[in-house]
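Asks: As annotated by TrEMBL, transmembrane segment applies to 77-97, 109-131, 169-192, 199-217, 223-241. Among the features that TrEMBL reports, domain 'Sphingomyelin synthase-like' is placed at 172-240. The region 'Disordered' annotation in TrEMBL covers 250-291. Marked as compositional bias 'Low complexity' by TrEMBL: 252-263. According to TrEMBL, the compositional bias 'Basic and acidic residues' annotation covers 264-277.
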C-alpha cells in the first residue's frame, strides 16, 4: 500500500512539473492578454464606483419579478453571494485541473485568455449602459434614507481610484441595466459547456445559473431587466467573439504540448533546421525515410521515377 501511494505521488509530482513547464511557456507568450484583462477588471470596478457618485435614490421601479418572487429580506442577501462564490471558485478550480488529473482537455493560460476576452467585451457594454441611464437602485442600501445611497463629493482623485475595495464594490449603487454577477456566471457556464467533459456538471451549471438569476431578483439587488439583458447579451458576446478567436488545441486525445501552434519565429527556426539536415543528407523525420536517388542532377522519390527516366532516355 505504501509503495502504491509513493508511486502515485511520484506520478502526480511529475505531472505537475510537466504541466507547470507547459503553462509557463504559454504564459510567456500570452501574458499581455492576461494582464490587459486583469487591468480591465479594475477599470470596470472604477467605472462602477464612478456611477455611484451620480446615483440619486428614488422610488423603486415597477418590476414583474418583484411581484412574482417573494422578497428574501436584507438578512438573507448573503444567499445569492454564496451561490456566486460557489460558481466562481468551482470554475477557478476546474481551470487548474490539468495540473492534477491525467485526463485533460484545456490549457489553463489559454482558457483564461478566452474567458477574460468574453468578460471584457461584456463589461464594456455594461459600462456603456449604466452611464447612459441611471436608475434608482432597488437594493436596500440604495433606497431613500440610506446613508450609502449617495456618495459625498470625493475630496481627492486618490479616493476615487482606490474605489474603497471591497466595501465600495459590495455596496455600490447605480450600476444597473446589466448584472455583473450574471456576466461572470454565464461566461463561466458557457466556457464549461464548450470545454467541459462531464455532461451532468453542464446541466447542473445551467441550473445553478437559473437559480442565481432568481436569487438576485429576490434579493432586490437588481431589477429583472438587468438579469434578462445579461442572459441574452452575454450569450451573443460569447458566440461572436468565440468565432473570431483561434480555437484552443484539444488535449482530450492525449496530444503533447508540442502540438501547440508554433510562433513565426519557431517555424522559421524549424525550417532552417530541416533545410540544414537535408543539405547534409539527413532525413528530417523518421516517418519520411523514403529512398531518394539522384539521376541527371534530379532527386527522384523512389525506384519508379528512375525507371521512367531510363525508359524516356531509351
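Glycine too: its Cβ is placed from the backbone N, Cα and C atoms.
Just so you know, TrEMBL annotations are computer predictions that nobody has curated.
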Asks: Check the transmembrane segment (223-241) against the transmembrane segment (77-97) for contact, please; criterion is three or more CB pairs under 8 Å, pairs 6 or more apart in sequence.
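Replies: No, the stretches stay apart by this measure.
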Asks: Under 8 angstroms, Cβ to Cβ: which one of 77-97, 169-192, 199-217 has the largest number of such pairs with the transmembrane segment (109-131)?
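Replies: Looking only at 77-97, 169-192, 199-217, the most contacts with the transmembrane segment (109-131) come from 169-192.
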Asks: Count the residues of the domain 'Sphingomyelin synthase-like' (172-240) that DSSP assigns to helix (H, G, I), to strand (E, B) and to coil, and report the three numbers in that order.
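Replies: Grouping H, G, I as helix and E, B as strand yields 53 helix, 0 strand, 16 coil.
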Asks: Given the model, what does the mean pLDDT over the domain 'Sphingomyelin synthase-like' (172-240) come out as?
Replies: 93
